[in-house]
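Undergrad: Can you keep this structure in mind? I'll have questions shortly.
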Amino acid sequence: MQGLKGAADAQMAENRPLVAANRFDISKVLVLLKGRDRGVPRSPLDHPLPEPSTKRLEMSIQSKPFDINHGTLDAQIEHQHQPHTVLYLAYGSNLCYETFQKGRGVRPLSQINVLVPDLRLTFDIPGIPYAEPCFANTGLRDHDAEHKAEHPPRYRKDRWKKGLVGVVYEVTPEDYAHIIATEGGGSSYRDILVDCYPLPPGDSIPEKPSGQPFKAHTLFAPLPSDQQLMRLNLRGRLRRPDPSYAQPSPRYLKLIRDGADEHALPHEYRDYLDSLQAFRKTSASQGVGLVLLLLIWGPIMVVLFAMQRTFRDERGRSPKWLVKLFEALFANIWRTYDYIFKPIFGEGERTVVGEEIQG
């Protein structure tokens, strides 16, 4: 746990962009810009992958986090004297075959369902108002606060108290670099190692996991500190005033639910996912707001995504100047929404029925 806190503190000390720029699709054009054609793997429902070998899981204990800003993954793996594969923890849309394997062309070698007690699922990465308000992320669990809480959390998404549930894929270094590239060129993330406990089949999830943990890599994007926001002149913009306020889109939430079904995650967790409410436009003015927002910012997004695909390096990283352009773009999208679009066209982060904000 201390290692995770150290990683989070180190990340917050860096001047990094505050969003995962290409987690969403504005149109089919952006889908083409995001990925590379690497063939279409077979459906996991017809050909389930094996679990990682016991030896591979045991060797993970000696792993170290990758520095995705410097050096290639291959070189770092060689230096660590580790197997030439990466154990990668997925928890959001990458659970879903359609996104992870068919869309991004990643071909896992093995997979295993896991519970990660030190992390929790969040939806605090801002996307696009009216379309994709937020995306999945992880945060550090505060066990003491969970036990001391006298009232249930305000939002349904914050009511899960048993740690992060996900899937660890064994992938090649090339595929892990591609994962970094498709998560915004690695711009918002830091690679960290977390303790994962194999999750046996069943309907429920234990309060405290048992068995021998192993370590897996995941991409961690903690909320930016106030100091960062002041330095970037982005106070209150990309770290939304209430990070739990926004609801994911129906499309995005469906990907997570589909992935949970495909991997047969415990029914208790799937029931939790089913309880989450997606953002839905409930007025014509919200649709008008989305169209106008994309007319203003969409062409710039298309150009930047094309540049990202062209200029990213072998580690999947975008150059710093391009990262800054993305940073400025999304800061201004949310400024436009907060100061102009929301007062005129209405709510773009949560579902509104009548005059009541839902869920």
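Glycine too: its Cβ is placed from the backbone N, Cα and C atoms.
The substrate binding site annotation in TrEMBL covers TYR88, LEU89, ALA90, TYR91, GLY92, SER93, TYR252. Feature annotation from TrEMBL assigns active site, proton acceptor to GLU183. Residues or ranges marked as transmembrane segment in TrEMBL: 287-307.
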Undergrad: What Cα-Cα separation, expressed in whole Å, is found between ALA90 (substrate binding site) and GLU183 (active site, proton acceptor)?
TA: 12
Undergrad: Give me the largest Cα to Cα distance among TYR88, LEU89, ALA90, TYR91, GLY92, SER93, TYR252, the residues the record lists as binding substrate, in Å as a whole number.
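TA: Overall maximum Cα spacing for these binding residues reaches 20 Å.
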Undergrad: Taking only the Cα atoms, work out how far TYR91 (substrate binding site) lies from the residue listed as 'active site, proton acceptor', in Å, as a whole number.
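TA: Distance (Cα to Cα, whole Å): 13 Å.
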Undergrad: Write down the Cα-Cα distance for GLU183 (active site, proton acceptor) and GLY92 (substrate binding site), rounded and given in Å.
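TA: Rounded to a whole number, the Cα-Cα distance is 12 Å.
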Undergrad: Could you give the Cα-Cα distance between LEU89 (substrate binding site) and GLU183 (active site, proton acceptor), in whole Å?
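TA: Spelling it out, the Cα of LEU89 (substrate binding site) and the Cα of GLU183 (active site, proton acceptor) are 14 Å apart.
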Undergrad: What does DSSP assign LEU89 (substrate binding site), in three states?
TA: strand
Undergrad: Mind giving me a neighbour count for the residue listed as 'active site, proton acceptor'? Other Cβ atoms within 10 Å of its Cβ, every protein chain shown.
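TA: Looking across every protein chain shown, the total is 23.
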Undergrad: Whole-number Å only: compute the distance from the Cα of TYR252 (substrate binding site) to the Cα of the residue listed as 'active site, proton acceptor'.
TA: 14
